[in-house]
Amino acid sequence: MKLIILDRDGVINHDSDAYIKSLEEWIPIPGSIEAIAALSKAGWTVAVATNQSGIARGYYPLSVLEAMHARLRELVAEQGGEVGLIVQCPHGPDDGCECRKPKPGMLRQIGQHYGVPLSGIWFVGDSASDLETALAVDCQPVLVKTGKGPRTLAKALPAGTLVFDDLAAVAAQLLT
Ligand SMILES: [Mg+2]
Ligand SMILES: [Zn+2]
């Protein structure tokens, strides 16, 4: 199967250092919904792995997070596509969980769900921790320049990292 895994904040929707705490604050980056739909329609399974420590911090409840993901699914469906498994880490940095990136627990969960090896699968993110997560399970690290991408780009990237302007450019590359 053709599987691609995406980070959420800063890749699919605009990010904020103050967290995305409500449905109103969940605003897609231009072209991202179309990109997911186009990949899906071309036979790609598009999964999502997102750190959501705002849950542990009490900034928003799980129901709000679920509403954001329902919106994402709905917008992609309107474009004729489908979003695959969305996995979230609701824990804080001190909870010692195995899912919070850069720990690769969420990527492993996605691999297990679909029964595919993660080796070489593209994991698209905007933070250094995303790239680290990808490397931990032998995924292909892919950096987009949206969200925290410019900040991440200012530091040294792991060898072999692919860099694109945004998710639309990633999709365009995979669909050529
Ligand atoms: Mg991000
Ligand atoms: Zn976690």
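We count from 1, first residue shown onward.
Glycine is no exception: its Cβ is also placed from the backbone N, Cα and C atoms.
All TrEMBL annotations are machine predictions without curation.
For ASP7, the entry in TrEMBL reads active site, nucleophile. Within its own chain, ASP7 (active site, nucleophile) has VAL48, ALA49, THR50, LYS101, PHE123, VAL124, GLY125, ASP126, SER127, ASP130 as residues 6 or more apart in sequence whose C-beta sits under 8 angstroms from its own.
Among the features that TrEMBL reports, active site, proton donor is placed at ASP9. Long-range neighbours of ASP9 (active site, proton donor) (same chain, six or more residues apart, CB within less than 8 Å of its CB): ASP15, ILE20, THR50, ASP126, GLY147. In the three-state DSSP assignment, the secondary structure recorded for ASP9 (active site, proton donor) is strand.
Taken from TrEMBL, the feature Mg(2+) binding site covers ASP7, ASP9, ASP126.
Residues or ranges marked as Zn(2+) binding site by TrEMBL: CYS89, HIS91, CYS97, CYS99. Sequence-distant neighbours of CYS89 (Zn(2+) binding site): residues of the same chain at least 6 apart with a C-beta under 8 Å from its C-beta are THR50, ASN51, GLN52, SER53, CYS97, CYS99, ARG100, LYS101, GLY105, MET106.
If you look up TrEMBL, you'll see THR50 (among others) marked as site 'Stabilizes the phosphoryl group'.
In the three-state DSSP reading, ARG100 (site 'Contributes to substrate recognition') counts as coil. Per TrEMBL, site 'Contributes to substrate recognition' is recorded for ARG100.
If you look up TrEMBL, you'll see LYS101 (among others) marked as site 'Stabilizes the phosphoryl group'. All chains included, 23 other C-beta atoms sit within 10 angstroms of the C-beta of LYS101 (site 'Stabilizes the phosphoryl group').
Within 8 Å of the centroid of the Cβ atoms of CYS89, HIS91, CYS97, CYS99, where the record puts Zn(2+), the same chain has further Cβ atoms from ASN51, PRO90, ASP95, GLU98, ARG100, LYS103, GLY105, MET106.
The Mg(2+) site, placed at the center of the C-beta atoms of ASP7, ASP9, ASP126, has further neighbours from the same chain whose C-beta lies within 8 angstroms: ARG8, GLY10, VAL11, ILE12, ASP15, THR50, GLY125, SER127, ASP130, VAL144, GLY147, LYS148.
Within the group of recorded positions (HIS91, ARG100), the Cβ with the highest number of other Cβ atoms inside 10 Å belongs to ARG100. In this structure, ASP7, ASP9 are the recorded positions from ASP7, ASP9, ARG100 whose C-beta falls under 6 Å of some atom of ligand 1.
Around the Cβ of CYS99 (Zn(2+) binding site), the number of neighbouring Cβ atoms within 10 Å comes to 19. Ranking the recorded positions THR50, CYS97, ASP126 by C-beta neighbours within 10 Å puts ASP126 at the top.
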